[in-house]
Number of protein chains: 2
Amino acid sequence: IAKEVAKLLEMKAQLGDEGKSKFVLKTPKGTRDYSPKQMAIRERVFNAIITCFKRHGAEVIDTPVFELKETLTGKYGEDSKLIYDLKDQGGELLSLRYDLTVPFARYLAMNKITNIKRYHIAKVYRRDNPAMTRGRYREFYQCDFDIAGHFDPMIPDAECLKIAHEILSELQLGDFLIKVNDRRILDGMFAVCGVPDSKFRTICSSVDKLDKMPWEDVRSEMLGEKGLSPEAANRIGEYVQLHGGLELIEQLLQDPKLSQNQLAKEGLGDMKLLFEYLTLFGITGKISFDLSLARGLDYYTGVIFEAVLVQQENNHEEEPVSVGSVAGGGRYDGLVGMFDPKGRRVPCVGVSIGIERIFSIMEQKVEASAEKIRTTETQVLVASAQKKLLEERLKLISELWDAGIKAEMLYKKNPKLLNQLQYCEDTGIPLVAIVGEQELKDGVVKLRVVATREEVDVRRESLVEEIKTRTS
Amino acid sequence: IAKEVAKLLEMKAQLGDEGKSKFVLKTPKGTRDYSPKQMAIRERVFNAIITCFKRHGAEVIDTPVFELKETLTGKYGEDSKLIYDLKDQGGELLSLRYDLTVPFARYLAMNKITNIKRYHIAKVYRRDNPAMTRGRYREFYQCDFDIAGHFDPMIPDAECLKIAHEILSELQLGDFLIKVNDRRILDGMFAVCGVPDSKFRTICSSVDKLDKMPWEDVRSEMLGEKGLSPEAANRIGEYVQLHGGLELIEQLLQDPKLSQNQLAKEGLGDMKLLFEYLTLFGITGKISFDLSLARGLDYYTGVIFEAVLVQQENNHEEEPVSVGSVAGGGRYDGLVGMFDPKGRRVPCVGVSIGIERIFSIMEQKVEASAEKIRTTETQVLVASAQKKLLEERLKLISELWDAGIKAEMLYKKNPKLLNQLQYCEDTGIPLVAIVGEQELKDGVVKLRVVATREEVDVRRESLVEEIKTRTS
């Protein structure tokens, strides 16, 4: 054994050396850097989202990027295998957050908060198979808005859908549809179709695949792997192809089987109320009650929804472009209670905007358009026309900074005027403040408008005002 | 063996159960949540910093929270032991970023960027001993501004100091001092004091403790642990008590020993140039050339600096309040070359603002003042004076949202008017739009000013304009 160990250690050492010489200059798998241009687009998307969250009166919180490992345990069902753990370096066992919902529930229980409306925008981590061209990463942003508290039914739920609607409209990503369902309707449906209680979750996860697989394949999975009877599967098949609005809800409330199931009846009753509120908000045109929607996460207890971008009908490309989910959410009334020592429940409902996919689309739109994106906000370049004027440039730029003007200069002692003007062209700086010997004597600065090449002498004491006027 | 394994597994299972029952509701050691109120203060600090960075024409980038482990290897000297590693779950070995400087250098090398001025605000991770009351955390924000590229000496360096000066002035944290030194002056000093080359780094790390320990203790460490000769230590002792401005630089340029050392001469020459530029910026009053400043990180090659808050002299508290570093930075001309396959150098200089300590101070200031911080921006609460008006409230609030008004309502079917008004008092909402049966008939909404209790009827079609006027 000692010999074997020695041999292995030697092999390991060799591998170590080899690894070093093969050092690869890259970001970890499934992650990326954001360049200044990408950041400019990202900021636009964030601004639209934050503006909407604030319009709805949300506060903002932040939580650590990692949690105690046990905080995340038992909250995500089958997805738990995708959680990133930290190495045990002594002390607590930690994991990177998998979403913002479980940390939010932990925050509420820990601080005994029973009533809050908050948003949280932060990165989450999943050891999933990345598909970066389609906006699927291992490190990605979630933009979450949640309402916690005991309220009258469906009022906060309706607001979450209104928010998804507002944000997707504002971002102009093209046509979209928000599918809505309810965990109670799903569970009631499974019961009346003859699915044994013990199989609710696993059959639910089969139904969840209907947006990627045809019904026949999902049915095969139910019969094979999941061991469901053909009769039960066929009955499910009839329900999950249904989608519509208020009239479908009314129809199902009259359904001889479903209406006998208490859970389904509750769910349908609330769904009706939800659609009444959505009608008052004027957004039912893009909302579809869809019995095939079954979101994966374990913690949902009531309404669930998911927003998808809809392919334009006049789009006849050969390869079908995958157009996925851009927002989702639902009600999770039991999660906070899982953290509370006494199990006290705080009902919650929330919406999460999937920024990466939206960001990919926005980036493509900008690439396709002629729009030139500025990555700085600089108003004026402090330049000189002759040599030996570094000190004068430093003095002037300092005055401008102190007056709140966004100003740059080239970090050269004697830059050529042409290079200074070229820098403005490249970066979109609209004005140049040129100091020269004659101007210094006259107590003026030459102000040049880059776009028109117009030049005017401005008295030094009026320069700040003049720049502000011209760039406002 | 099988028996032993079974026994151990049983013990493990028991421990697992015990662990579960002992579940602690907390954030990981050295981390914290930010409440809405803390977020409001944090946003203020960030705004001041970002405004300054943008005023200086910086672009912004972002990088992943973890890097390949080997990216961080060999960059931090003794501090490497504080790096968080991720568990090996198959695939690449990863570590959480320790600062934003090494990821920045990796980004430049990877994208072959030789010229950029960027800022980056993000969390970094250190397995240090936390001291949270003094703002020392294991997860904390860094706000970094760096200038990369081949430029004329000391112009970007001076701008980094100007930025630190602007931000600390803007935030009104009290009096501050920015200590400046240069790695080349330190190394030259060690050489002329008779420190052997091999001991430069370790003696440097002793000098670094001078802000926390008296010279006598540092000297003992040099003689004991570090094995330095008493003569060398005494010579160092003479130098490290020196601090001043241009006159000290001139004096040292004449110093018979230092002036003979090439490195020290270069460093002092650049220091003189730096002070000339800082004089033009008008900020030398708060800058001190201090030979005892020796920042820990391995990668610095030139100018180094650190900003500390200065205790008010009239402050006679019994317990000495620890007032630490709030910003720091320096020149690192070799770091990008460590990542470039051909070792091509990109000179860099940067400043990093230590937000956590600043944030602690701001938080204390707010606590001490009577200022009431709002955590939302809601302009108007949509309320009702009678029952059965939920639908009308939903219709009105939807109109307001769609017009860009920040509006809230209580999520109750029939809330009491008193409760609705109380909610405005509690959260600082300035206006209430009240729908009632009479108002609906008259086509008006009653607009109430919370502070004055004044009420006016506003025609429904003028409501948006009226709210905008009153809250602008």
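Note that Cβ sites are derived from N, Cα and C of the backbone, with glycine treated the same way.
With B:Asp99, B:Leu100, B:Thr101, B:Gln142, B:Asp146, B:Arg295, B:Tyr299, B:Tyr300 listed by TrEMBL as binding L-histidine, the candidate from B:Arg126, B:Arg127, B:Arg134, B:Arg344 annotated for that site turns out to be B:Arg126. The secondary structure of B:Arg295 (L-histidine binding site), as reduced to three states from DSSP, is coil rather than helix or strand. Taken together, the residues in the domain 'Aminoacyl-transfer RNA synthetases class-II family profile' (B:30-362) have a mean pLDDT of 93 on the 0 to 100 scale. Taking all protein chains in view, 24 other C-beta atoms sit within 10 angstroms of the C-beta of B:Tyr300 (L-histidine binding site).
Chain A has no C-beta under 8 angstroms from the C-beta of any of the binding-site residues B:Asp99, B:Thr101, B:Gln142, B:Arg295, B:Tyr300. For the recorded site, B:Gln142 (L-histidine binding site), the DSSP three-state label reads strand.
For the binding-site residues given as B:Thr101, B:Gln142, the lowest number of other CB atoms within 10 Å of the residue's CB is seen at B:Gln142. Within its own chain, B:Arg295 (L-histidine binding site) has B:Asp208, B:Ile304, B:Glu306, B:Gly328, B:Gly330 as residues 6 or more apart in sequence whose C-beta sits under 8 angstroms from its own. A simple way to gauge crowding: the CB of B:Asp99 (L-histidine binding site) has 20 other CB atoms within 10 angstroms, across all the protein chains here.
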